[in-house]
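Written out below as structure tokens is the structure these notes cover.
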Amino acid sequence: MANIQLRNVTKTYGAVNVIKGIDLEIKRGEFMVFVGPSGCGKSTLLRLISGLESITTGDLYFDGERVNNVIPSKRGIAMVFQSYALYPHMTVYDNMAFGMKLGGSSKADMEARVRRAAGMLQIDHLLDRLPRQLSGGQRQRVAIGRAIVRDPRVFLFDEPLSNLDAALRVQTRLEIAKLHHDMRDVTMIYVTHDQVEAMTLADRICVLRDGKVEQVGTPTELYDRPNSVFVAGFIGSPKMNFLEGNFAEAHGCATLGIRSEHIDIVPEGQEMWQGRVVHTEDLGSDNYLFVDVGSGEPLIVRQPGKATIPEGTVVSLLPRPGMLHRFDAAGRPVQMPIAAQ
Amino acid sequence: MTTTISANPERSRGRETSLQSQRARAAFWFLAPMLVMLFFVAAWPLFRSIMFSFTDAEANDIFTGGSEWVGFDNYLSWRVRDDGSIRWRGVLADADWWNAVWNTIRFAFMSVALETVLGLLVALVLNAEFKGRGLVRAAILIPWAIPTIVSARMWGWMLNDQFGIINDMLLTVGFIDSPIAWTARADTAMIAVLMVDVWKTTPFMALLILAGLQMIPRDMYESAKIDGIHPMKVFFRVTLPLLKPALMVAVIFRVLDALRIFDLIYVLTPQSEATVTMSILSYRELQQFGDYGEGSAQSTLLFLIIALFVLLYIWLGRVDLSGERSK
Amino acid sequence: MIDLLTFLFWNLLYFAAFVGITLAVVFPFYYAVLSSADRSGERTASGVFWNIVFWIVVALIVLIAIFPFYYAVLSSLETGTQLFIPNYLPQSLNPANYEAVLTRPSFVSSIVNSVFVATVTVVAALFLAVTASYALARVRFRGRGLLLLTILAVSMFPQIAVLSGLFELVNWLGIYNTPWALILSYTIFTLPFTVWVLTTFMRDLPVEIEEAAIVDGASPWVVISKVFLPLLWPALVTTGLLAFIGAWNEFLFALTFTITETRRTVPVAIALLSGASQQEIPWGPIMAASVIVTVPLIALVLIFQRKIVAGLTAGGVKG
């Protein structure tokens, strides 16, 4: 329910700059994902928004109101932590009701809200249990339920899936997506280092690097039009192929990027590059060819279906037209139209 | 909506959020009662004691305040006599004091050395897995749980010259041919004190060392075993270096404790020249002779010696000054 | 100077001899301990030999640890001439010494004094320490490390160094020869100890739980009382018990600040327990009194032994 604005926000610990001036607007009801490698400041940024850490300089607004000096519980936020952070000595019910109890809500009101949240997450039958009697997935649901009960303007997730195993992670991811769907006007901010979570959950993604915003945009925008080598390499799996040296110079840039699914195997003579298959990976639905075209690393070429080309074969490769990403020496996109092709 | 934004970056610079200031305020009020209390029971009495050491205060002056400032005279002063010889006075010129200093240091040194080695031995036993380990650990906690005064009395009885069971044992085995007055004789009193102190304090040492031993990952031993390294070598190359920090801290803890020894010696022995320590001498000066000036000078000197060891502890224990967790 | 040199020389010599002997005992033995891990598989002659050595050492440790207390119990049940004949097995079960001690009004009141002083001291120390240790463990502020260090240093104070100043304070407050003098003076070691140990325990509680409570709207006091205290009670029991033992065993202050028999604490009472004449030390009643004041402590220590070990280590090794 809140529109969040960050104006030139910085955070320093002693002499260390963790957040180096961030301007960002998160729209009401939006699902915003902060993503980036570890140490990029994404968790710190979330904690600045939550109020658990103080902002060194700059301003933070919730719905136009400056909240730099507002304590977390007065900001209308709820937070889901990586370690669940359930109160070990309280039952699930008390865990979920604790915030309301401190806020002085009536018993009936409390009961109704807890029951409703528990219903949404199908944890009604667990209300009398203690956290240690629950499985990891159940604990995370209780943590989410506790956040729902707070009826927040802003929902904050700090890597909520990292402690779950792979299968549970997918399942909980779906639930969070459903939650976002059900609570349309609640703004959600989600921190992760996993670009798959970012791509699947986000309305918009904010890629952070070294305490700065690298790019903000919808998942499609980031995938199709990364505005730096860093974003291009970070978003998408397998990683985008990068070619340098002569390969890039031929296209008037310092780094040439092409995604694995945008390279076709063509009959000899029509190719742009040629190379030997040094390794193949078969994923069942797809297969990856690792082709050594003479640049630093082998190009990854994604082919539908099972692998049919044996290792050692020399193949001819042609990138799809318009799918080449060209970056200058500073890692920024080259805007000029493609001349040589 | 944007009209409400009065972006003024200067205003927010360096200011804490209310969460941080709320916590800082709370921290202040949480700490204040403890600090006030510590000031009254520790800092102020210490300060007064040090002040007394620069006066000629006697027991009665505590109530009347009629003492005079004498500077360092209680520590050291001299007077040239008529015949030209110099007469030294004060604690630092007092042979009894130096005797007490040597007694204290000898006691601290010997007891801590014995306790460390024996503590290590007991800790190694408890670190091995065997049936009844819990019982052995419970058994060694008993000496630690017994009040020092009580253990002094128990051992005093066991070491009794006429009826003591220790003499009986030694006579039976044939190590001695006549009973020994352990606690009274000048040459055995300190041995008796050491015996009781080692008995009582080795468990503490063993538990601290055991905790250190258990922090050493088991797989380190297993990989050494797979590599066929001799256990002795493993002990010197792996266990001891890894145990060193825990051992150092435990040793310094014990040294500090041993340097202020009072109760055991006060009760077990007649506090003759053979066993009198700094604490006992100072106590005697204060309580029995009522000389607050010189007694306080002695206790201040003991305080300085112990302060020196505390600094050593901080340095060796690498206590983190920032107050953050050390890894 | 010569004194110092001879002193050092003899001590070093003693020490070297002593270290040599112990090394000779410890290391073969250590070898046995290490091989004991897979003793089951070892049926060799040396395996059996070390096995026996190991169990002998275990037996010796247990015997030495418990014999003095066993002997005190044994002696406390003997009277008359029987007491003065050394014996290793119980010869009689005569409760006369216990009767003698427990009918002495001064001894009974010293037990009451000790219980009262130790309890009040510990409760007061815990009360002050819980909030203080939260601030020290959980709130970042300048000078925190120095403060912790000062507190640690105070707990290592030689008590004699504050004795004259405390004596003055106690007289000024007019509490000389009352339990309050002891409660006040015991704070000097119980308070720093409880603060220090509770701080190390409090630091181990997960940060995210506190942050969740903050987001839920908990003030620092609510975090302590509603979230941390329920999680910390085992630590509180341990710390309180250790502080209680410290206060129960204290001797110097109790000796200095009490003068009448009925105001004494147990250690002073036992230390000064004497018979009709100076020469006749009433060993029987002394042993009975010793057993009486020790049995509850041993029981407590054995019940809480795991927690006590954790508390001792928190106070020591973790630094």
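Numbering starts at 1 and runs along the chain as displayed.
From the backbone N, Cα and C atoms, a Cβ is placed for every residue, glycine too.
Positions annotated as transmembrane segment by TrEMBL: C:12-31 (among others).
Here TrEMBL flags C:52-73 (among others) as transmembrane segment.
The annotation transmembrane segment is assigned in TrEMBL to C:111-134 (among others).
Among the features that TrEMBL reports, domain 'ABC transmembrane type-1' is placed at C:111-304.
Residues of the same chain lying 6 or more positions beyond the ends of the transmembrane segment (C:146-167) and with a Cβ under 8 Å from any Cβ of it are 136, 184-185, 188-189, 192-193, 195-196, 199, 252-253, 256-257. What TrEMBL lists as transmembrane segment is C:146-167 (among others).
When Cβ-Cβ distances below 8 Å are used as the criterion, the transmembrane segment (C:179-198) is approached by residues 113, 116-118, 120-122, 124-126, 128-130, 132-133, 136-137, 148, 151-152, 154-155, 157, 159, 162, 166, 169-170, 173, 232, 235-236, 238-240, 242-243, 246-247, 250, 253-254, 257-258, 263, 265, 311, 314-315 of the same chain, each at least six residues removed from its ends. What TrEMBL lists as transmembrane segment is C:179-198 (among others).
According to TrEMBL, the feature transmembrane segment maps to C:227-248 (among others). Within its own chain, the transmembrane segment (C:227-248) is flanked in space by residues 114, 117-119, 121-123, 125-126, 129-130, 134, 186, 189-190, 193-194, 197-198, 201-202, 205, 209-210, 213, 218, 266-267, 293, 297, 300-301, 304, 307-308, 310-312, 315, which lie at least six positions past its ends and keep a Cβ under 8 Å from the stretch.
The transmembrane segment annotation in TrEMBL covers C:283-304 (among others). Within its own chain, the transmembrane segment (C:283-304) is flanked in space by residues 69, 72-73, 75-76, 78-79, 83, 96-98, 100-102, 107, 111, 114, 237-238, 241, 245, 248, 266, 269-270, 273, which lie at least six positions past its ends and keep a Cβ under 8 Å from the stretch.
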